[in-house]
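Feature annotations, courtesy of TrEMBL:
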TRANSMEM  20-39  transmembrane segment
DOMAIN    83-227  domain 'Flavodoxin-like'
BINDING   89-94, 141-144, 176-185, Asp211  FMN binding site
DOMAIN    282-524  domain 'FAD-binding FR-type'
BINDING   Arg301, Thr538, Ser599, Arg600, Lys605, Lys606, Tyr607, Val608, Thr609, Asp642  NADP(+) binding site
BINDING   Arg457, Tyr458, Tyr459, Ser460, Thr475, Ala476, Val477, Tyr481, Gly491, Val492, Ala493, Thr494, Trp680  FAD binding site
Amino acid sequence: MENSEGVKIESTVVTEEPLISALDIALFVVIITVAYFWYFKRDKQPSSSEKKPYTIQPSSLSSIEQTSNSSFIKKLKSTGRSLVVFYGSQTGTAEEFAGRIAKEGARYKMKGMVADPEECDMADLVEMKEIQKSLAIFCIATYGEGDPTDNAMDFYEWLQNGDADLEGLNYAVFGLGNKTYEHYNEIAIYIDQRLEELGATRVHEIGLGDDDANIEDDFVSWKEKLWESVCSHYGIEETGEESNIRQYKLVDCSEVLPERIFSGEISRLKSYENQRFPFDVKNPYLSKIAVNRELHKSGDRSCMHIEFDIDGSKMRYDTGDHVAVYPKNSSELVDKIGELLNADLDAVFSLLNTDEESSKKHPFPCPCTYRTALTYYLDITSNPRTHIMKELIEYASDPKDQEKLKLMASSTPEGKKEFHEWILRDNRNIVHILEDLPSVKPDLDHLCELLPRLQCRYYSISSSPKVYPKSIHITAVLVNYTTSTNRVNKGVATNLLAQLIPTNDELPQPTIPIYIRRSQFRLPPKSQTPIIMIGPGTGLAPFRGFIQERDYARKEGREIGEMVLYFGCRKKDEDFIYENELQEYVANGTLTKLHLAFSRDQPEKKYVTHLLEQNADELWNIIGEKSGHLYVCGDARSMAKDVHSIIVKVVMEKGQMTNSQALNYVKKMEQQKRYSADVWS
């Protein structure tokens with residue numbers, strides 16, 4: 001500030017100026033600091049005495065590593081490889097298939113590598129022609145409403161928006177989809193066609209795997225024909241070598257410091273102790289369970305209403321989003337594996353990729369104990385695929401067990417039948433296999449390499465952030481069923497959630513890792529737009545959030561459109577979930593109509609689809625005359641298909657259209673997001 005006192009001080013400085021001014025001192029300090037960092041810090045590497053104790057980092061890459069590894073072409077050239085297998089994976093299956101193809105490449109003199117398109121500069125595909133006899137294979141999954149997986153999104157958009165010249169690129173595509181969904185393998189089909197449009201050469205026809213049937217069978221059949229096409233295209237022959245080459249080597253980590261050992265974290269060590277925003281698939285939020293109550297009134301089934309506390313997490317969600325829950329396997333099954341293999345589950349180990357150039361150093365966070373790996377990182381409850389049967393053969397000491405495994409690992413009609421009946425129909429997991437083939441004693445570290453990763457489970461959020469900004473609600477049915485071998489199989493996530501019951505405030509509350517996955521399942525932008533919601537059973541979940549949001553708008557004084565809900569369950573007195581809430585919304589006018597179908601409360605079963613057919617006029621009035629929105633949530637295999645057929649029929653009859661016109665009308669509704677589905681198989 002300038003004032004009379006300041007002027008006086010300035011005058012004094014002029015007459016009594018010191019030898020070194022304050023400015024000189026400041027400049028001198030800056031110069032010395034810069035010189036210090038330039039001389040002592042530049043390119044300085046820690047000496048051996050400064051290095052930290054031996055540790056193995058998690059398998060996820062830092063942003064720096066991703067940048068340095070983005071050129072897959074350089075990696076192919078520097079390591080003498082000609083085969084690269086890209087994967088677009090949401091649950092890990094496509095990544096697993098990619099690994100199997102890359103591994104088999106050695107049998108055809110094609111050294112391969114697996115690549116995540118999210119970590120690669122896919123524009124480098126134009127340079128593939130520089131590598132002799134090169135081949136790019138894409139294992140691509142489609143999920144949701146015909147969406148690419150998260151890690152394939154950038155590649156998909158690059159293909160859509162770019163016009164690269166891919167002449168000289170040889171490729172093949174295998175898609176992973178589910179026929180119960182409308183957009184079956186849509187992303188793989190697009191990529192296959194688009195690569196050809198850009199000048200690439202298709203070496204083998206696209207393979208379409210159906211997860212609703214037997215995707216393993218689809219993949220194996222396609223893969224066998226793929227290699228035939230590859231041999232023909234490049235003029236090469238199979239070497240005939242069938243050795244089971246390990247992708248990872250065992251590292252003894254018994255001397256690793258306890259604080260450097262993973263104990264269930266998804267990626268970052270100690271991430272649950274030191275939580276950092278933002279939270280996502282690799283960095284979930286450890287949420288407290290605020291509420292866990294039973295929704296069914298009676299009967300032998302259970303449906304839970306669970307509320308996750310997100311207060312203070314900075315997490316935000318929208319009505320219609322999904323929440324991902326990271327489960328863990330039961331200690332009973334984990335202990336059983338240790339017992340069957342006579343293994344020390346508390347031994348600390350790591351699996352290190354034998355391919356030094358691979359960006360994926362470990363199959364899961366390492367080092368950890370076998371108990372941690374089997375509890376948090378590995379899927380021990382799903383049906384193992386045929387390649388696991390093949391790898392187990394060498395560990396069978398009984399010739400009968402060996403023959404059985406060989407048969408199931410083969411692609412013969414007899415082998416496929418045996419695999420389907422003994423593994424899929426009887427619903428055997430790896431524990432059951434080890435129990436029923438007692439001579440099979442695989443090394444536990446090899447088994448850990450073979451088993452797929454345990455995946456998070458997604459649930460439709462059954463709350464609105466307008467009403468519950470500090471919590472996320474889900475509605476989950478407890479999964480328990482008896483198999484044909486009289487074993488009780490339990491849902492991994494729901495059985496864990498059933499145990500997480502909040503206690504009084506004096507005790508620590510149970511927690512579970514979660515994150516939010518964005519969805520396209522959204523209310524219309526205008527609250528006045530009328531909507532029809534069809535959600536039997538737990539399909540009601542997202543509509544509970546829709547109704548809450550519209551009720552919030554109504555209470556604010558805004559106009560809201562008609563809300564019609566179709567809900568169905570078995571018996572009104574047993575599993576009519578959220579009954580009181582729904583009746584209250586009807587009473588206050590938020591819910592215009594509530595159509596109910598209780599399938600087992602009368603001699604002839606009645607479902608929501610029957611009610612839809614009976615209310616054709618109302619249906620057409622909203623979706624046809626008023627341009628309203630229609631939403632479906634629930635079973636994709638039958639209910640959603642039946643609803644779609646009924647909608648087309650109503651449009652034909654009430655809209656006076658031909659079948660093709662009605663199909664186009666419904667298709668246009670889907671494109672305009674006026675017909676949305678959130679379904680599962």
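Each Cβ is built from the backbone N, Cα and C atoms, and glycine gets one as well.
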Integer Cα-Cα distance in angstrom, Tyr184 (FMN binding site) to Ser599 (NADP(+) binding site): 30
Cα distance (Å, whole number) from Tyr181 (FMN binding site) to Thr609 (NADP(+) binding site): 18
Packing count at Ala493 (FAD binding site) (other Cβ atoms within 10 Å of its Cβ): 21
Max pairwise CA distance, angstrom, over record-listed FAD binders Arg457, Tyr458, Tyr459, Ser460, Thr475, Ala476, Val477, Tyr481, Gly491, Val492, Ala493, Thr494, Trp680: 23
Long-range Cβ environment of Val477 (FAD binding site), under 8 Å and at least 6 residues apart: Arg301, Ser302, Cys303, Met304, Thr494, Gly537, Thr538
Nearest recorded site to Gly144 (FMN binding site) by CA-CA distance, among binding-site residues Arg457, Ala493, Ser599, Tyr607, Trp680: Trp680
Number of helical, extended and coil residues in the domain 'Flavodoxin-like' (83-227), per DSSP: 65 helix, 35 strand, 45 coil
Confidence summary (mean pLDDT) of the domain 'FAD-binding FR-type' (282-524): 96
Whole-number Å value for how far Tyr181 (FMN binding site) lies from Trp680 (FAD binding site) (Cα to Cα): 8
Which same-chain residues, if any, lie at least 6 apart from Ser599 (NADP(+) binding site) yet have Cβ under 8 Å of it: Gly568, Cys569, Arg570, Lys605, Lys606, Tyr607
Nearest-integer angstrom distance between the alpha carbons (Cα) of Thr475 (FAD binding site) and Tyr181 (FMN binding site): 22
Spatial neighbours of Ser89 (FMN binding site) that are distant in sequence (at least 6 apart) but have CB under 8 A: Glu95, Ala98, Cys139, Ala141, Thr149, Asn151
Span of the NADP(+) site, taken as the largest CA to CA distance across Arg301, Thr538, Ser599, Arg600, Lys605, Lys606, Tyr607, Val608, Thr609, Asp642 (Å, rounded to a whole number): 26
Proximal residue to Ala493 (FAD binding site) among binding-site residues Gly92, Asn178, Tyr181 (C-alpha distance): Gly92
